[in-house]
């Protein structure tokens, strides 16, 4: 048996410490000592220990072992009160101990337990309870993780719904503002078109103004050069007048030349003045265009502010979409984790079903043994009924004997009363006879004297 063990055999001190800490509680833990197990186990303490183990594993209270099953019609239930708790513990332990890899539990392990056998059974139970606690902690961790994952998935789904509602609110325009939005959008498109046209016109005017400014600068440079040339010519003329003797013909020729040059200069000045007037008109027109452009620019700034708001809303929508995508990814991950947990649970359930099938097979074997035991119990019950009948006959015979004894005692008492009366009368007669003898003896003594 010990060569095929699937669990270690612990020392008695370790078993005692484990039972006191994890199975028993209160005064039972304090009163349970090493002498209850070794060298000779006490049946009462071992039976109470098995009751507590069954209560810990199956939730089967100790008082339930003393209850007669209601669904079975049993004659004379008082007869079974003595063997009911032991048989109940035996049946429950036969169901429980195969889980602990102990398959040969017998009635003698309850009624007359042995130290080595009880230590072996308690080691199997201890190993199973250790395994049960470890599996329970792992299952509770998985359950807690599954609950947190479900809560997280619910919160993520709620966040996704809220984000989708926000997106729909931001993207959908209320019916009250749709007309205004259409008008504003058409006005914005018209303003963009007009602004593009005005910007093209302003650019062309700016180019013309730049060309005119360059031409004006060139002409002013030419005029200044001509003025400088005039001044130099006048200086040269004054200098030459002082040096050269004047001849009337040369003077005339020079005057005519000078007049022609003056005329040309005047014509050029007039042309420049005309160009200046035209430039001034164009500058005024450009100023007007700049003012209109500034007004359009203000409108453009307002539109840019609205566009920035729209862009910010679009950015928020994009951020919300990113958050939604992340949460969907988290949901996918959570769903994969959930499927993994479900697979693990299904694997455990398959293992559990296999173990249940094995237990059912072993239970069927045990049930057959129990039926055999119940058959033997029924035979014992039949023998007991026969014995009870014999006892009833003996009781009846005893009652008859008692009646005879009472009659005999009454007869004896009557006879003793009669004998007592005769005895009393005889004693009276004897006393009288003795008195007469004493008197006769005294008289005879007196006569002899």
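Along the chain as shown, residues are numbered 1 onward.
Heads up, the Cβ atoms here are built off N, Cα and C, so glycines get one too.
Feature coiled coil, per TrEMBL, maps to range 251-282 of the set 251-282, 411-442. Shown for the domain 'Kinetochore protein Nuf2 N-terminal' (5-145): DSSP residue counts in helix, strand and coil, namely 98 helix, 0 strand, 43 coil. Distant neighbours of the coiled coil (251-282): 205, 208-209, 212-213, 215-216, 219-220, 222-223, 226, 230, 233, 237; these residues of the same chain sit at least 6 beyond its ends, with a Cβ under 8 Å from one of its Cβ atoms.
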